[in-house]
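A.B. asks: Questions regarding the structure given below will be posed in turn.
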Amino acid sequence: MSQRTRLSVNVNKIAVLRNSRGDGAPDVIRAASACIDAGAHGITVHPRPDARHIRHDDVIGLSALTRARGVEFNIEGNPFAEPRAGYCGLLALCRETRPHQVTLVPDGDQQITSDHGFDFAREGPGLRPLIDEIKQWGCRVSLFVDVNVTGLADAAIWGVDRIELYTGPYAEMHHAGCSDAVLREFATTARLAQDVGLGVNAGHDLSQTNLGVFLGAVPDVLEVSIGHALISEALYEGLVPTVRRYLDILDSVNPAVSMR
């Protein structure tokens with residue numbers, strides 16, 4: 001079975017807008033449903049300990065929505081962030097909702113957004129038991145990584161299913177008009193991951209402007225997770241048309257990749 005690269009829409013920014021007024025508008029569940037109506041293959045959230053955007057009730061509602069609509073639910077987050085008032089912790093959220101995919105990300109509590117991947121040599125011993133636990137719940141496990149990451153074979157041994165390439169450096173170089181060299185590095189990292197049996201996802205600062213070039217250069221990307229750019233573009237173009245524009249890019253660049 002094969003299919004094109006999948007689009008998972010990150011709805012964090014919808015929650016940011018809602019929380020800015022302290023009421024229920026815009027409705028995160030309704031926005032996610034509109035993305036699914038437009039053809040999105042999945043929904044992504046990255047709940048943080050300070051509940052600056054996605055909250056516990058959002059995760060529960062989105063889990064129910066994605067299961068009812070037959071699309072994937074991807075929960076991102078730092079598994080080492082301690083539970084606290086209003087935040088039960090990433091593992092507790094995943095245990096409760098059993099998402100299709102859990103993407104582990106090494107972000108600090110005060111970071112505005114994710115900006116680096118895991119160091120397998122340093123953080124691997126702490127990750128291994130968490131990966132085992134998440135896999136027991138029937139969830140696919142993906143690790144957020146930098147281009148040129150080392151230790152991919154170790155990650156495969158730990159039971160990791162996929163990596164998510166942190167594409168921020170590519171987006172920056174693309175904006176500057178000099179992305180060829182970094183694209184070659186991303187392509188090499190993707191191939192190395194695939195050679196040891198890992199699937200490859202990608203995300204961070206991908207947009208309508210740079211997505212096609214990235215997918216044209218980096219082989220067999222299974223999923224892209226896009227939030228900030230997509231929601232920003234949707235302010236001008238509308239949410240449903242914007243999602244469809246991304247799907248058009250996926251169709252035109254990489255119509256079929258083997259699923260892992």
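Residue positions begin at 1 at the first shown residue.
Yeah, the Cβs are placed from backbone N, Cα and C, and that goes for glycine too.
As annotated by Swiss-Prot, active site, proton acceptor applies to His46, Glu76, with the evidence given as sequence analysis. According to Swiss-Prot, the feature active site, proton donor maps to His204, an assignment based on sequence analysis. If you look up Swiss-Prot, you'll see Asn10, Arg21, Asp205, Gly227, His228 marked as 3-amino-2-oxopropyl phosphate binding site, on the strength of sequence analysis. The annotation 1-deoxy-D-xylulose 5-phosphate binding site is assigned in Swiss-Prot to Arg48, His53, Thr113. Positions annotated as site 'Transition state stabilizer' by Swiss-Prot, on the basis of sequence analysis: Glu164.
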A.B. asks: Calculate the distance in Å between the alpha carbons (Cα) of His228 (3-amino-2-oxopropyl phosphate binding site) and the residue listed as 'active site, proton donor', and round it to a whole number.
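C.D. replies: Approximately 8 Å lies between the Cα of His228 (3-amino-2-oxopropyl phosphate binding site) and that of the residue listed as 'active site, proton donor'.
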A.B. asks: Compare the C-alpha of Arg48 (1-deoxy-D-xylulose 5-phosphate binding site) with the C-alpha of each of the recorded positions Arg21, Glu76, His204, and give the closest one.
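C.D. replies: The answer is Glu76.
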A.B. asks: Determine the C-alpha span of the 3-amino-2-oxopropyl phosphate site listed in the record, that is the greatest distance between any two of Asn10, Arg21, Asp205, Gly227, His228, in Å to the nearest whole number.
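C.D. replies: So the binding residues stretch over 26 Å, Cα to Cα.
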A.B. asks: Using a 10 Å cut-off on Cβ-Cβ distances across all protein chains shown, tell me which of the recorded positions (Arg21, Arg48, His204, His228) has the largest neighbour count.
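C.D. replies: Counting every other Cβ within 10 Å of each candidate, the maximum falls on His204.
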A.B. asks: When the Cα of Gly227 (3-amino-2-oxopropyl phosphate binding site) is compared with the Cα of each of the recorded positions His46, His53, Glu76, Glu164, which one is closest?
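C.D. replies: Result for Gly227 (3-amino-2-oxopropyl phosphate binding site): the nearest of the recorded positions is His46.
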A.B. asks: Ten-angstrom check, please: count other Cβ atoms within 10 Å of the Cβ of Glu164 (site 'Transition state stabilizer'), all chains counted.
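C.D. replies: Glu164 (site 'Transition state stabilizer') is surrounded by 28 other Cβ atoms within 10 Å.
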